[in-house]
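Peer 1: Quick one: structure below, then a few questions.
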Amino acid sequence: MYSFNYVFTIIISSGFVVWLSKVFPLVILKKYKLNEKAVSFLSFVPITIMSALWFESLFVQHLGQLPGLDIENLVASVPTILSAILTRSLLVIVVVGIISLALIRVIGI
Amino acid sequence: MNDQLTRKRAVIETMPTVLGYVGIGITVGIVGRASGLTVLEVLLMSMITYGGSVQFVIISMIIRHSELLPIILATFLVNARMILISMSVAPYLEQESVLKNILLGTLLTDETYVLSMNKINYTKKRLNFEWLNISNLIAYFTWAIASFTGALIGDYVGTPKKFGLDFALVAMFIGLLYLQIISEREIKMMLQLLVVLFTLLAIYIGLIFIPANILILLATILGCSFGVIMKNVFF
């Protein structure tokens, strides 16, 4: 257990940092327009963020060495991608993903 | 998805993502309890810090009795991608008041952001307060309730791993990525695939010497730069 004050101070400070990174750009950019280069740069954010978050989950980090493969997540990604292509439904994709990983753990790949 | 930016459409279009938050929210609750936080502390962290992956980082630092300053720095670095996200959505919310922008920014997440970038492909690049606010609120309360539930059941279920719930968020990333690629019309499909491949390479090489949590931000910046350069040179 930790003192409530210690944890609460951390919650409030980190909350403020998170809040500022989300709100500050929105407020500032109401005043200033982004130039064309910046807009073009930012148009790639959705696909790169999703890719980065996905790919990071496929590897096991060993700092100083080549990363290992997270076989479970890698294998579970296959039916998940297939369900995305076949159904284009987020709900189906998430459910298929959860079931795939659960099955993989039961079978023990 | 269609071209209507109503509250009702926001509910319909956000509901499918709820499962993703439930899975990882329950996990953050269980991990929080297992790490010695109280149910109240878990709930407050989910409702005030509201940072998703950053909460796992904070919890892991609390376990090591870390000082406040390193925790704040780690929070900033892990969460800095939100600066890019917020900048990217800003042009579509220009017409809304400052207060509404602050509200939308406060509850913005990776997922509601990508969902809204997906949405604008159907609305002739329009976005509004009503739609995004409802989407954000659904995400926020799902997250709060899920982590609260996770904290409550944390004492009984032990490791959350066996249920496959930890893959819910990854599945959501895959789904949102695919839906974004097929609905995006401004960037050619080939270029998008190249950017995705480049990001894979950046993550793989980056993992050798950069902590994973910070690498996400770096890979995003590199991936976007690569996209801009390729677009100017070849597309």
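Cβ coordinates are placed from backbone N, Cα and C, and glycine is handled just like the others.
Annotated transmembrane segment per TrEMBL: B:12-31, B:37-59, B:71-92, B:137-157, B:163-179, B:216-234, in sequence order.
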Peer 1: For the transmembrane segment (B:71-92), what are the same-chain contacts with Cβ under 8 Å, counting residues 6+ beyond its ends?
Peer 2: 49, 51, 53-54, 57-58, 61-62, 101, 105, 108, 110, 113, 116-117, 120, 125-127, 213-214, 216-217, 220-221, 224
Peer 1: Under a Cβ pair cut-off of under 8 Å, which of the recorded stretches B:12-31, B:137-157, B:163-179, B:216-234 contacts the transmembrane segment (B:37-59) most often?
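Peer 2: That would be B:137-157.
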Peer 1: Under an 8 Å Cβ to Cβ limit, what residues of the same chain, 6 or more beyond the ends of the transmembrane segment (B:216-234), are close to it?
Peer 2: 77-78, 80-81, 84, 187, 191, 194-195, 198-199, 202-203, 206, 210
